[in-house]
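According to TrEMBL, the protein carries these features:
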type: REGION; residues: 1-43; note: region 'Disordered'
type: COMPBIAS; residues: 1-15; note: compositional bias 'Basic and acidic residues'
type: DOMAIN; residues: 50-179; note: domain 'Saccharopine dehydrogenase NADP binding'
type: TRANSMEM; residues: 319-337; note: transmembrane segment
type: TRANSMEM; residues: 343-362; note: transmembrane segment
Amino acid sequence: MADEFEKFEQSKDSDDSLDSAAPVESEQTENSEISKESEESEDEEILDVIIFGASSSVGKSAMESAIEVLDGLTWGIAGLEMKNLKMALSEVEEKTGKNLSDISIYEVNVHDPNSVREMVQNCKVLVNCVGPFMFLGEFVVKQCILAGTHYVDVSHEPIFTALMTIIYDQWAREKGVYVIPSCGFIAVAAEMGVVFAQKMFPGIINSIESFWENNVYYKDKSSKAVLATGAWDSFVYSLRTANDAFIYQMALKPKDYPHLLPRWGTRPLPHKIPRLESNFVPFNGGDRNIVMNSQRLWFKYERKRPIQYKNYIGFKSKLQAYFVPLFLAFISLLAQFTRTTRFLLSYVTFFTFGFITASGPTERNRNSHHYKITFRSIGWHKTEWISEKKPALQMWTQVTGYNPFYGANCVAVLTSAKMILQEENKIPGRGGCSPQAMHSPEPLY
């Protein structure tokens, strides 16, 4: 698939990464080197963190969050063009009122080995915001492992996450490097919801269902966008590779993984649940893959009974709850063919009814986007025998907040990077572990 879309990706003139990676000019040679705004010396101090893709929508938000989250740490930014990076840094300075003149800036071509290599050699943790990751992420991961640099990203592409674990897990462990994809909001919120439920539940959990609700109170009526186009690119590629992603996810499953009973099936049709007002339908997002991969690790290394995890997304009207899954099935069908995939990628605003645009949401609308994720944990009390009998004990927990795709997303990935730097001795294992393994208070392996 990478071969099919290489020319298409290079023809796109948007530098928005999920955002996106900008095209690379073919005239650049293999000997092209990283350029830095200030002169470097051989004994220059290695930065704690570099934010790669800083001129994108997510990258700019990451810079804003870094001022507070990475306080006391040294950090820099990197991206394709120095001009865009300087502009992005100036925007953040103006918005936050902070002096960022001491922030190191690196001009990096993601397709050039020398360029990427020198970037990752200048930091302890790389925060990657350059997607689509299935095209542009693997090479960066490889260079990080070679350099001994830890890696986190905001990817939400199931095939990328699975492949990185399959291909690089053992090598990363041998090198003593953490490679942790999917450290953004959606994955971390799901993981932490599961961790908290497992910690607080007064017994053994059989299944957890998550119900995600969103409300955007548009304060800026000039746009109804909630995401930038890079997120759509990653979504379309994920639909195109869904079958392969499923195969790779199954390859991560231990051979002796238990057949859990009673089986907790998915409810395919729109439905309501107690305590919540929305109409819910299954949400096959990458967060479920992350949670289930963590459960496989818990079983493999701790021999703990895994949970069954199902996730749903809510809509205010039943009509929306019926329409959206049918529409996504249609988009998934179009994504299976090369020509129609290009059509999907070229006319983003049309296919998303204006909810995804090149410029993304306005600042006012980002902060007026509120979310609520409700977790329903079902299991047996401590005094009960675990059996095939349907468990009756329930516990409800909830995660709430605002600005999920930018503010919360960047805080999550930067906090992950900070934990690697400051609490490495508490993080279990090395290599392709999941966000849950890093944030869980209990040892995993």
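For all residues, glycine too, the Cβ spot is worked out from N, Cα and C.
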Review point. In the same chain, which residue numbers or ranges, 6 or more beyond the ends of the transmembrane segment (343-362), come under 8 angstroms Cβ to Cβ?
Key: 8, 12, 14, 16, 19, 57, 220, 222-229, 231-233, 236, 331, 334-335, 369, 405-406
Review point. Which sequence positions outside the transmembrane segment (319-337), separated from its termini by at least 6 residues, show Cβ-Cβ distances below 8 Å to it?
Key: 236-237, 239-240, 242, 270, 279-282, 343-344, 351
Review point. Of the residues in the domain 'Saccharopine dehydrogenase NADP binding' (50-179), how many are helix, strand and coil by DSSP?
Key: 68 helix, 24 strand, 38 coil
